Amino acid sequence: MRRAFFLTFEGIDGCGKSTQAKRLEQALTERLFPVTHTFEPGGTLLGRKLRTILVHDELNLSLFSEVLLFAADRRQDIDEIINPALERGDIVIGERFADSSVAYQGIAGKVGKERVERLMDIVTSGLVPDLTLLLDIDPRVSLDRKIDLDRIEQRGLFLDVVRHAFLDMATSQPERWVTIDAARPMDDVFSDVLKAVLKRLE
Ligand SMILES: Nc1ncnc2c1ncn2[C@@H]1O[C@H](COP(=O)(O)OP(=O)(O)OP(=O)(O)O)[C@@H](O)[C@H]1O
Ligand SMILES: [Mg+2]
């Protein structure tokens, strides 16, 4: 059962990408699909190093240099993990990909949607996921899962813009994106995730 397939999870901070990706990896492996699971930033050694840079506020990264660091990580992930796995015929599960840069830095971060899209096209050599699962959730719900209430208000406003950027992207490319209500219990979310993936694989 070898059929290269690239699927990604997208959505705002804490929407459940890692939780669902892990469960999907397990479910597909049980069904004997060869699976490679990657995430960003951090799937490669370069990614792990960049991750520590990207979370250090004192660096005062400009928006555009942040885009470029994410881009460097993404390219390394493609060369080191994603492309070799697709060449083997694996199903590749990614947590975030170019769409996150478009939503976070391009649209919500104001670098410009088209500018980030053009850059991503170069960085990925045109690699686009076969399927993207958008785990849609109100930031007030997802942030509540993760951090203290103080940060929720400032980050929440930004994430609300990101959330709607993702929703617009999903609406404009319905053949690639499936939007899933991620505010429900994990099992309910996962049942929709698995259904969407199996439908596309079969
Ligand atoms: N459906 C759910 N209901 C309640 N809690 C959940 C649900 N899904 C995930 N969680 C919890 O919310 C937190 C964030 O989930 P997770 O790490 O999967 O999100 P993420 O999208 O990967 O976050 P990040 O953007 O930081 O990578 C975790 O503590 C997880 O256990
Ligand atoms: Mg995660």
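Every residue, even glycine, has its Cβ placed from backbone N, Cα and C.
The ATP binding site annotation in TrEMBL covers GLY11, ILE12, ASP13, GLY14, CYS15, GLY16, LYS17, SER18. Around CYS15 (ATP binding site), the C-beta neighbours below 8 angstroms that are at least 6 residues distant in the chain are LEU135, ASP136, ILE137, SER142, ALA182.
The domain 'Thymidylate kinase-like' annotation in TrEMBL covers 9-192.
Other residues of the same chain near the ATP site, with their Cβ within 8 Å of the Cβ centroid of GLY11, ILE12, ASP13, GLY14, CYS15, GLY16, LYS17, SER18, are PHE9, LEU135, ILE137, SER142, ALA182. Ranked by how many other Cβ atoms sit within 10 Å of their Cβ, the binding-site residues GLY11, ASP13, GLY14, GLY16, SER18 place SER18 at the bottom. Taken in sequence order, the binding-site residues ILE12, ASP13, LYS17, SER18 that lie near ligand 2, meaning a CB under 6 Å from one of its atoms, are LYS17, SER18. The average pLDDT for the domain 'Thymidylate kinase-like' (9-192) in the predicted structure is 92. Non-local neighbourhood of ILE12 (ATP binding site): ILE137, PRO139, SER142, LEU159, VAL162, ARG163, PHE166, each in the same chain, at least six residues away, with C-beta under 8 Å from its C-beta. Long-range Cβ neighbours of LYS17 (ATP binding site) (same chain, at least 6 residues apart, Cβ-Cβ under 8 Å): PHE9, GLU10, GLY11, PHE39, GLU95, ARG96, LEU135.
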